[in-house]
Amino acid sequence: IELKTAPADFRFPTTNQTRHCFSRYIEFHRCVSAKGEESNECEKFAKYYRSLCPGEWIEKWEEQRAGGTFPGPL
């Protein structure tokens, strides 16, 4: 997978990208839920969150999703 930085988003104007990372992660999983895992339309969201989020966060969120304890609105 080739990682590129996510494009600028007016919702996140500051240098702290924590919220941007979390939002892109949520957008990806909502897209997958709506369109299916085989949909190429969701891939851009995956690239965005993977470029913004630390790997440790992604691993923790995946564990939480699998355990049903993820704190976000999926």
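Even glycines carry a Cβ here, placed using N, Cα and C.
Features of the protein shown, as given by TrEMBL:
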DISULFID  CYS21-CYS53  disulfide bond
DISULFID  CYS31-CYS42  disulfide bond
Using C-alpha atoms only, work out the spacing between CYS53 (disulfide bond) and CYS42 (disulfide bond) and round it to an integer in Å.
17
Can you give me the Cα-Cα distance between CYS31 (disulfide bond) and CYS21 (disulfide bond) in Å, rounded to a whole number?
15
The rounded CA-CA distance in Å from CYS21 (disulfide bond) to CYS42 (disulfide bond) is 15
